[in-house]
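> I'd like to ask you about the structure that follows.
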Amino acid sequence: MSGHGTPIPMTSRRASPLKGEAHVPGDKSISHRSLILGAMAVGETKISGLLEGEDVLDTAKAMQAFGAEVVNHGGGEWSVFGVGVGGFAEPENVIDCGNSGTGVRLIMGAMATSPITATFTGDASLNKRPMARVTDPLALFGAQSVGREGGRLPMTIVGAAEPVPVRYEVPVPSAQVKSAVLLAGLNAPGKTVVIEREATRDHSERMLAGFGAEITVEDTKEGRVITLTGQPELKPQVIAVPRDPSSAAFPVCAALITPGSDVLVPGIGLNPTRAGLFYTLQDMGADLTFENPRTEGGEPVADLRAKYSPDMKGIEVPPERAASMIDEYPVLSVVASFATGTTMMAGVKELRVKESDRIDAMAKGLRANGVTVEEGEDWWSVEGCGPEGVKGGGTAESFLDHRIAMSFMVMGMGAQNPVSVDDGSPIATSFPIFERLMGDLGASIIRTDG
């Protein structure tokens with residue numbers, strides 16, 4: 001059930017301490033990329049631990065529409081039989097990417113340098129999000145696009161019949177834009193160069209290299225320079241998807257604010273471009289440790305242990321950390337509510353164009369639950385109420401955003417009074433087992449729809 005279905009109101013209340021192991025789903029970023037790169041390789045790519053949320057399943061359907069064979073063997077085990085770089089067929093129908101900004105932007109890139117036409121749409125939330133940030137660089141390859149006003153979905157992309165390689169400096173830190181350009185560069189002759197002034201998550205670069213693409217990454221004075229040689233033959237891979245750090249954030253943060261809690265979250269991907277939240281929590285004084293660090297599939301992995309942390313202090317989050325934790329600011333702001341002192345989060349303008357305007361959405365919901373929040377265009381601050389000091393008792397609007405809904409469910413686990421959201425249905429897009437997993441740890445989340 002996602003943002004285009006019947007609303008599911010939910011309420012979370014303080015229950016017992018949270019105890020046990022939380023096995024969160026596979027990483028969303030790596031799941032999308034595994035399916036897309038598998039479809040562009042020649043032969044069978046085997047994937048285990050795939051996140052089977054709605055967003056990723058929409059990407060799997062899209063790869064089938066472009067001619068790849070995608071097989072679900074059950075238990076998170078999947079196969080993709082790829083058609084090779086430049087081998088995409090023209091889809092017969094509109095590609096519906098649901099709630100997934102990652103899915104639609106990466107797929108647009110992957111097809112933009114093939115001589116085919118495809119039309120993309122999404123749910124009410126996705127159809128409000130800006131796509132020009134992707135279609136502008138794709139136009140440099142020779143692709144054409146026609147969409148609604150402001151570069152929004154539904155949108156038709158006419159791929160370039162004779163693509164040219166591109167040198168592109170990404171104007172705002174965005175792994176989605178960078179990845180779309182790199183995927184487009186796969187089917188352009190010559191070298192495509194992407195320059196990032198601020199490093200973002202690097203799963204695409206790591207995975208492209210793993211699939212056999214010729215790609216180099218160099219840190220220079222002008223930023224991170226990524227060079228990709230076009231028209232390789234990608235070789236199929238066996239991929240074990242690490243567990244998603246953005247999903248791990250919820251049981252971790254819930255344990256920190258719920259008295260008596262001790263939770264282990266095993267097998268979490270700790271790619272340095274994704275782990276900013278955990279370092280920030282440690283800076284605040286959280287009892288959070290990394291156990292059994294190891295490398296799996298080229299990605300750093302560890303088990304996270306989080307315990308109730310009544311001594312957390314508000315801090316100024318370094319703005320340069322923003323790209324490595326952009327999806328985690330909503331739940332960080334909940335933890336900040338239970339700290340002592342003020343937490344300042346700056347350099348976060350990107351939050352205003354996520355699934356919702358996340359600064360606005362969190363500020364409204366926090367205030368409804370007795371927390372003082374200030375905000376500017378690219379910053380916001382949360383005044384901590386101290387451990388067990390958050391009143392709660394309010395209802396937050398989720399704005400069709402899975403992370404907003406889950407963040408307020410976490411808040412209810414530590415607040416004095418129950419916390420509600422108007423619609424928890426979007427949670428299924430990234431974390432379909434959220435309610436069950438948190439309930440197994442001892443949380444009380446109930447659906448209140450009659």
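Any Cβ shown, glycine's included, is placed from N, Cα and C.
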> Looking at the 3-phosphoshikimate binding annotation from Swiss-Prot, with LYS28, SER29, ARG33, SER174, GLN176, ASP327 already listed, which candidate in LYS61, LYS354, LYS364 is the matching residue?
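Answer per Swiss-Prot: LYS354.
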> Here are the binding-site residues: SER29, SER174. Which has the lowest count of other Cβ atoms within 10 Å?
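It is SER174 that, of the binding-site residues SER29, SER174, has the fewest other Cβ atoms within 10 Å.
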> Measure from the CA atom of GLY101 (phosphoenolpyruvate binding site) to the CA atom of SER29 (3-phosphoshikimate binding site) and give the result in Å, rounded to a whole number.
11
> Please tell me which one of the binding-site residues listed here (GLY101, ARG358, ARG403) sits closest to GLN176 (3-phosphoshikimate binding site), measuring Cα to Cα?
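Considering only the listed binding-site residues, the nearest one is GLY101.
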> About how far apart, in whole Å, are the alpha carbons (Cα) of GLY101 (phosphoenolpyruvate binding site) and ASP327 (3-phosphoshikimate binding site)?
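Each residue's Cα considered, GLY101 (phosphoenolpyruvate binding site) and ASP327 (3-phosphoshikimate binding site) end up 13 Å apart.
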> Are there any residues at least 6 positions away along the chain from ARG403 (phosphoenolpyruvate binding site) with a Cβ closer than 8 Å to its Cβ? List them or say none.
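The answer is SER246, ASP327, PRO330, VAL331, LYS354, GLU355, ARG358, SER430.
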> Counting every protein chain present, what is the number of Cβ atoms, excluding its own, within 10 Å of the Cβ of GLY101 (phosphoenolpyruvate binding site)?
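I get 21 for this one.
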